[in-house]
Amino acid sequence: MMATQTLSIDSYQDGQQMQVVTELKTEQDPNCSEPDAEGVSPPPVESQTPMDVDKQAIYRHPLFPLLALLFEKCEQSTQGSEGTTSASFDVDIENFVRKQEKEGKPFFCEDPETDNLMVKAIQVLRIHLLELEKVNELCKDFCSRYIACLKTKMNSETLLSGEPGSPYSPVQSQQIQSAITGTISPQGIVVPASALQQGNVAMATVAGGTVYQPVTVVTPQGQVVTQTLSPGTIRIQNSQLQLQLNQDLSILHQDDGSSKNKRGVLPKHATNVMRSWLFQHIGHPYPTEDEKKQIAAQTNLTLLQVNNWFINARRRILQPMLDSSCSETPKTKKKTAQNRPVQRFWPDSIASGVAQPPPSELTMSEGAVVTITTPVNMNVDSLQSLSSDGATLAVQQVMMAGQSEDESVDSTEEDAGALAPAHISGLVLENSDSLQ
């Protein structure tokens, strides 16, 4: 790559920009200023074409040095890795304006068309320079990411291959073992076996594995408890090491998958807080966002966990309660429908035309008073002639009437503290052929 060269406005002076202008009008040579003796005149000067006139107008324009500088910056941005920035061009513009003002030179010429052409050309190159700067930044970002990825991959390969610098290399093993030897535990002190034996066991690296120094565990009293490694060399193959590492990674992945599959159990404190809120607002068990945030702060849960718990609670706790209450409602209505006045067992003409004597009362074991009203043609003696089956049936009807009244009071007066005792007005028996 080409080295980045420093460009400035000073490198584009009037003298240098005139070098690119082709002078079509050649001056006469001093040696050939006089015609020869034969009177042959010099060849006539060729006339300038319109293109040549336009070129001269561009080269002689006051903004041409700035245009050339910008063009050079764009070329350098495409050739080298270190591209020029737009900020440096802004500085060059300031320097150019300051220099033109200092020297008293104009910024434009007498031709407005040429001035417009130069300004537009500078604007186009300026936009091109900005785009090149963006591309350069993207390239640098890509290179940095790619290099970081390569470094990570190379470090992982070095870790598995056991090359120098990896944790499984002999150098790293010596450092780890030296750190272990200085560790004191309640069971004993771990020291190299070479420190206890006359012959030292040297460490060596063989092809395909690493040889480790044997280690012996010694109690604080100086007694040898056990020798954790054999005095011989221990060789760990790289393939076995890589296989073991792969197995460990697979176990870790399985543990992660099993932990994800397990359903999370919320703390008991959190469920108690949410359950209490649910029953306090059982009429409208839908917490607002602020209430959810407050509950999440109290229970150390996330908003998602709180929201899911309330959704499940409305379906699993409140819905069964609502279903059970709906199933008991028909029974209540059925019992209420049974609460009707005692049906008369004789014609209305007899009941309205005959005066009734004072009733006779019988006391039951439950404390209910049963009043038996006898018509004119019946007396107490005729009541004694009732069969036992008829009397039992009459008492059962009285008890059922009392129960129906109690249940009707429960269904219609839910806010009452206690139920009023049922008063049974009387039991009217029909003087029919079946009871005689």
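Heads up, the Cβ atoms here are built off N, Cα and C, so glycines get one too.
Per Swiss-Prot, the features are:
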type	residues	note
DNA_BIND	259-321	DNA-binding region
COMPBIAS	1-20	compositional bias 'Polar residues'
COMPBIAS	404-416	compositional bias 'Acidic residues'
DOMAIN	80-163	domain 'MEIS N-terminal'
MOD_RES	Ser33	phosphoserine
MOD_RES	Ser41	phosphoserine
REGION	1-49	region 'Disordered'
REGION	401-436	region 'Disordered'
Across the DNA-binding region (259-321), what are the DSSP residue counts per state (helix, strand, coil)?
46 helix, 0 strand, 17 coil
Would you mind giving the whole-number mean pLDDT across the domain 'MEIS N-terminal' (80-163)?
80
Using DSSP, break the domain 'MEIS N-terminal' (80-163) down into helix, strand and coil residues and give each count.
68 helix, 0 strand, 16 coil
